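See structure below.
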Amino acid sequence: METPVAEPMAQAVEGENPAPTTTSATTSAATASPATTQTSTKPVHSLVIDANAIIRNDPSVSTLIAQAEELYTIPSVVAEIRDEATRSRFQTTLQPFLKLRTPRPESVQFVTNFARRTGDLQVLSKPDLHLLALTYDLEVERNGGDWRLRNEPNQKRVNGKPPGREEAEAKEQSPAVERHVAPDAATELGNTAEEPAAEVSVTPAPETQEAAAKQADETVTEKLEKLDINDQEIPSVGEDEEDSVSEEDDGAGEWITPSNIKKHQARENTLSARPEAVQRTLQAALITADMAMRNVALRINLNLLDSGLSRITFLKTWVLRCHGCWKVCKDMTKQFCPSCGQATLTRVSCSTDASGNFKLHLKKNFQYNNRGNVFSIPKPTHGSASGKMANVKGGGKHGWGTELILAEDQKEYTRKAEEQQRTRYRDLMDEDYLPSILSGARNSGNQKIKVGAGRNVNAKKRK
């Protein structure tokens with residue numbers, strides 16, 4: 001789910017002042033109080049740009065300049081631009097408006113620990129962590145602290161309230177305390193001043209008691225007369241109450257009648273004449289296409305934008321979940337569980353919302369695939385150091401079971417991985433190289449090593 005940047009943020013501080021910036025590669029420590037310069041008029045004040053947005057030129061430079069006051073990145077992102085045409089375009093269009101900045105070591109350490117707890121650290125590179133740390137630095141500087149961020153992945157709420165709101169609540173509570181305390185203090189003072197007089201005084205005279213009794217009787221009589229309780233007037237009172245109730249229902253209810261249509265029209269005109277809400281600016285935001293970076297940014301509660309400069313509040317991606325030990329692996333290239341070492345990883349969809357909640361979407365009646373586990377595994381066959389017995393096939397039918405891969409630490413798996421790495425690299429200028437469309441070579445789509453027994457061990461294999 002994506003919402004426009006121009007929409008007001010639920011926890012952004014209105015009227016925040018921009019912080020002092022720097023163009024050097026190293027910066028000083030981030031201050032905990034917002035700066036005192038003019039307010040930004042654009043949807044984003046400080047925008048951190050990843051390398052994929054620069055290389056693909058999406059969004060364009062004109063869009064970035066129009067939507068953000070200041071553009072930031074790290075020096076390692078510029079080093080990733082190796083294409084000559086892309087580097088030339090970057091140097092002539094975007095580099096004059098871009099500020100290079102290195103994040104603080106404390107922020108890098110915080111982001112690293114946070115990504116380790118979320119499980120994304122294994123798929124995040126060093127520049128990715130530095131970009132997240134730089135966004136964290138700018139967020140703290142612009143908002144006067146980390147009150148709108150989270151320090152833990154499972155934290156339900158943000159760290160605190162805006163500094164201005166806390167001061168306003170303190171000011172509102174202090175007069176109320178004074179009002180409650182002042183009468184008590186006055187009563188205590190009055191009691192202490194009257195105590196000597198109470199000791200000296202005697203019982204009141206009979207005349208004084210009679211006057212007080214008469215005054216009380218007159219007061220009660222006046223209150224009873226105001227009630228106007230008569231048996232003859234009861235029906236008229238009921239009619240008046242019904243009329244008043246009907247008038248209240250007609251005026252305050254949702255029904256529009258000919259008698260109150262003018263009132264509703266006047267109310268709508270008053271609401272439409274009110275000034276529109278002031279557009280609030282995102283003080284710091286990150287634009288990236290990396291899913292792991294997006295997941296960490298959302299869980300920290302950093303402002304995240306897509307290529308269309310729309311704010312991302314919901315993220316859906318895929319992870320690997322072990323069916324044996326229930327551990328979650330974010331590295332989609334793994335074939336074995338990093339925790340238990342078994343080949344029981346299943347692809348599961350997951351989502352992260354704006355509140356930082358990470359949720360796995362599992363099937364209700366999931367049945368694990370037991371294909372290849374029907375037949376027992378044959379005993380391994382021996383070999384020889386000289387290789388004379390290389391043609392000896394043991395195990396089941398067609399020599400099945402000689403090179404069966406069941407674990408990641410097997411020498412067969414390591415050998416297959418090395419061979420696959422060598423075959424992936426092909427020199428296109430090699431005279432002996434022929435494309436697969438001419439040679440007829442067949443390659444599997446996923447390019448992964450076959451793990452386990454397979455579909456049917458007794459079936460005839462394709463040659």
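The backbone N, Cα and C atoms fix where each Cβ goes, and this holds for glycine too.
Remember, TrEMBL labels are computer predictions, not curated facts.
Here TrEMBL gives region 'Disordered' for one range in the set 380-407, 436-463: that range is 436-463.
Take the CB of C340 (Zn(2+) binding site) and look out to 10 A: across all protein chains shown you find 12 other CB atoms. Under 8 Å, Cβ to Cβ, and six or more positions away along its own chain, C325 (Zn(2+) binding site) finds C337, S339, C340, Q342.
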